[in-house]
Amino acid sequence: MSSERDSETTFDEDYQPNDEDMPYSDDETEDELESQQPLVEPGQNQINRDTEESQEPLKKDCSWQVKANDQYFCEQPQFKRTVFLCFKKSKYAGNAIKTYKYNPVTFLPMNLFEQFKRAANFYFLVLLILQSIPQITTLSWYTTLVPLLLVLGITAVKDLVDDIAHHRMDNEVNNRKCEVIREGRFKNTKWKDIKVGDIIRLKKNTFVPADILLLSSSEPNSLCYVETAELDGETNLKFKMALEVTHRYLQEESAMADFNGLIECEEPNNRLDKFAGTLYWRNTTYSLDADKILLRGCKIRNTDFCHGVVIFAGADTKIMKNSGKTRFKRTKIDSLMNYMVYTIFIVLILLSAGLAIGHTYWEQQIGNLSWYLYDTQDFSSPYRGFLNFWGYIIVLNTMVPISLYMSVEVICLGQSYFINWDLQMYYPKKDTAVKARTTMLNEQLGQIHYIFSDKMGTLTQNIMTFKKCCINGQRYDKDASRHKVIQQVDFSWNKYADGKFSFYDHYLIEQIKSGKEPEIHKFFFLLAICHTVMVDASDGQLNYQAASPDEGALIMAARNFGYVFLSRTQNTITISEMGIERTYDVLAILDFNSDRKRMSVIVRESGGNIRLYCKGADTVIYERLHPRNLKREATEEALDIFANETLRTLCLCYRDISHDEFEAWNKKFMEASVATTHRDEALDKVYEEIGKKLLGATAIEDKLRDGVPETISRLSKADIKIWVLTGDKKETAENIGFSCELLTDETIICYGEDTSALLQTRLENQRNRAGSSTHSSLRMNEPFFQGSKDRALIITGSWLVCTKGVLLLTLKQKAMVVELVKKYKKAITLAIGDAAHIGVRISGQEGMQAVISSDYSFGQFHYLQRLLLVHRRWSYIRICKLLRYFFYKIFAFTLVRIWYSFFNGFSAQTAYEDWFITLYNVLYSSLPVLLVGLLDQDVSDKLSLRFPRLYVLGQNDILFNYKKFFLSLLHGAITSLIIFFIPYGAYLKTMGQDGEAPSDYQSFAVTAASSLIFVVNFQIGLDTSYWTFVNAFSVFGSIALYFGITFDFHSAGIHVLFPSGFHFTGTAPNALRQPYLWLTMILSIAICLLPVVAQRFLSMTIWPSESDRIQKNCKKYVAEEQQWKRRQSAFRRGISGRRSAYAFSHQRGYADLIASGRSIRKKRAPLDGVLGNSMTQVRDAHETS
């Protein structure tokens, strides 16, 4: 997390790929990403794939050197770089992180510099300087200084509060402690004091403070199990393994202190899964890779302690490199508002120039001939006009809405707090409240067009449960959801049973206990033996560590049904079969990968028989079945039924192998094992030669999160396009679409490969049309699909980009799809991640690593509908009302001075008192609009959810655009005409009660100002949809505040104290005691507001909007809400023949680790004597915990 958080990206610019912000990009540059074409021909696809696969990895530049236990090594001159002039600093970062932006010395200058980068703030600074020139100013300096200081002060306080929070977070992390070698012994040291080259000791359940090379651990062969949820969001444990030489020699504390190895490796980078380096120690070199590196942010699991040497620290660590620069996201309305401010600048300059020309003409015709106007300055008329140009720039400065930025920031901050305080988005199960981590994207969420969502852990809970199965053609699929009175199976007879496991088909248990069905025995025996699960037996409990939650669900199912995996060695596996323990020889394990889509083992049973067991995707298993398999059709029918219920399926099969076949295979295996790059291919070829006998199929449920179907249905009705980006196969994507109601039976599904052919035909037709006429052009805006039916597009990875590696391919594609839509559709996007305009995170089983860097985070997916359809729709409406009203009241206030210029010789004389100009936007008209921006609601939250179509207003930019902007300006101009000319006409021929005509300038200024205050405050009252006591108090309180301050400033007492600052002595008391002035104000108010009231009435009666109709029938809808029930799901089971996905994760398991034998516990010398009291303290702490 870099401190450079001031880089800005606008709506039109932020689709540019950023390699620092996208950890998916390993070797691709931004130019390569930019060059990806949205429509790639199938032939070109294959060429790209072949080319990419043929590329050799680039050789790493191993210029990073680390010397263990040598803090001065990094301070050598060759490792220093120039930071400023002749000042140099080591290129090795300290371990302290810095996400804050300011310190006590830099806060004031840096904050002011950033604030004056805003055009409005800088403009007012220039005005303040111009007002110091007596020849051009007609306003007092405080009319500009007071609003400017107020805006700068409030913004500075907001930035300070935000930065203090970053300071606290940094201090909390930097002051964590771990053990570091100091003076030959391990001592507790703060994270911020750790340096590159330090030897550290980490204990169980602690976080890794830096990127370190694993040297040794308490586990056999110095294995170390880590949880990487903070890095990649996966909660499955991964293992790291130290070099054999460091495991052997670096166990004692003294050996650690004497270790002086030199490490050469690649420079710090953001590639989480890659590392290349070399260890030089004792005149020998040792190769280092990512399997030996513990990254900062990982958590030590199932390992009592481990040791390592720090390679990258602080900002150089991979997790910090992936954080990149925090980009300032600017909303669409914010960008539009800036353009409108620039428009106002142009209008201001043109008006000032026109009025200056008018003054030049007036001086030539009248001013030079009027002796009583002589000011002792012999300036020419053009020069006086030039001075007046700058005078009008100052007088009309209120056209530039400096207070608008402050108001928007205050409102956005308040709206963010309202979201954080919403109890309806609080997830009590995990004590997780919704968190708005940005305050400037509120209204942007009210304009979302596309939502990009992951499936795993976002739409689903990522908690796998074994639900049903098919064995030898017989389905065992009774379910409590369909049989209301059925009881779950009692597993109390099994001492290894898990109390959380539930199953409802009693007939299967009876078959297992009877032992009459050998196929059932083989089915569960396969589940118990064909896997790469690691087991840890402690305190009589079996704890499984699986490479994927799917495999964990299968092994737990076998355990509950009486086939319990107990332990394994390098070549054997022990299983309890219905209470009888048996050990089998494991001859080979071929792990899962994305190409094979299956996993196989070859075992020798107790009788000497050799058998191959295999489980995998139905598509690959069926291709390899024996031609005369009797149960093929029955199992396929069961798979279709399970798939229609959106269960994750896979097939099980086996094959007996003769000794001659095994010997032939074993010979090939030994030959292939010499060259590891061909091992999988050789084994695969052997397995391809063996026909298999089908055993059955399993069905695993990956439960949807609560409220997912309702949420997607409502968001779809709000015209939000939802894309589910998943790494699973096409059938899974289709099934998950149906289960969460993204797809219905009426939806026409289009596949990428089919659509591609249509695209090619269309492009050829367009080229033919273009070639047939010299004036024709390609028409890309014609509809691709004819008709109005709902369609869904399912695209596989090869139609997006061709890359190597399934995991990287998946991550790249997901981010690139988002970039594609942002770039070519110019639509506002929301993604579960941060590649979109707005990034959100679901705090769940996966994805916790980026919650802090996201814009919004919450506990459940269905909270998204309340966030978008309620809070952010309200935010959009409120901000739009604020902007329209702000521009209206500014022009109603400012243009009065222009009309006044026609009667004062264009002399830049103001029409108001200076203090009224100062306080108009700050006090007299600010509070009501702020409350509307914070509290206003067109309809209630329940009705907002019930009628999602209300959200379309924001998508279509209906409530605020250039048309609305100019209408607001026109409305303000008309109001200013009324505010000026009605009092002007009333003052032409009037007589007061005392027989005098109070038609002086000051009385006129008070009358116009009072009329204006009434009109603008009543206007915001008309714009208010949700009235509360606070709103009413703010409207009438602002009017009362105006009169209170005006009478005070016009009193004789304050004039005596400050004679140069208060010139309207007695004006308000004298003028406002005249009844006809009040009648004048009432007439002005009526003429301004009655047309608005009439227009609103006709609009709501004749052309009512959706919101108007809902408000009109609000009571009826509230009554119906009491009886409303959730509609039946559009998804109906058992209709279409959809096939679900194989239940495997997209990563290899622990097969290589098992085959190496390094995971097996062996007896060795106890470490108590080696480490002294340290080992005893570790164990005591473990027992205490």
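Using N, Cα and C of the backbone, Cβ positions are placed for all residues, glycine too.
Database features (TrEMBL):
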COMPBIAS  35-48  compositional bias 'Polar residues'
COMPBIAS  49-58  compositional bias 'Basic and acidic residues'
DOMAIN    174-236  domain 'P-type ATPase A'
DOMAIN    852-1105  domain 'P-type ATPase C-terminal'
REGION    1-58  region 'Disordered'
TRANSMEM  142-161  transmembrane segment
TRANSMEM  339-362  transmembrane segment
TRANSMEM  389-408  transmembrane segment
TRANSMEM  882-903  transmembrane segment
TRANSMEM  915-935  transmembrane segment
TRANSMEM  965-984  transmembrane segment
TRANSMEM  1004-1022  transmembrane segment
TRANSMEM  1029-1056  transmembrane segment
TRANSMEM  1076-1094  transmembrane segment
What average pLDDT is reported by the model for the domain 'P-type ATPase A' (174-236)? 87
Determine which recorded stretch among 142-161, 339-362, 882-903, 1076-1094 has the most C-beta pairs below 8 angstroms with the transmembrane segment (1004-1022). 1076-1094
What are the DSSP helix, strand and coil residue counts for the domain 'P-type ATPase A' (174-236)? 11 helix, 30 strand, 22 coil
Tally Cβ pairs under 8 Å between the transmembrane segment (1029-1056) and each listed stretch (915-935, 965-984, 1076-1094), then give the stretch with the top tally. 915-935
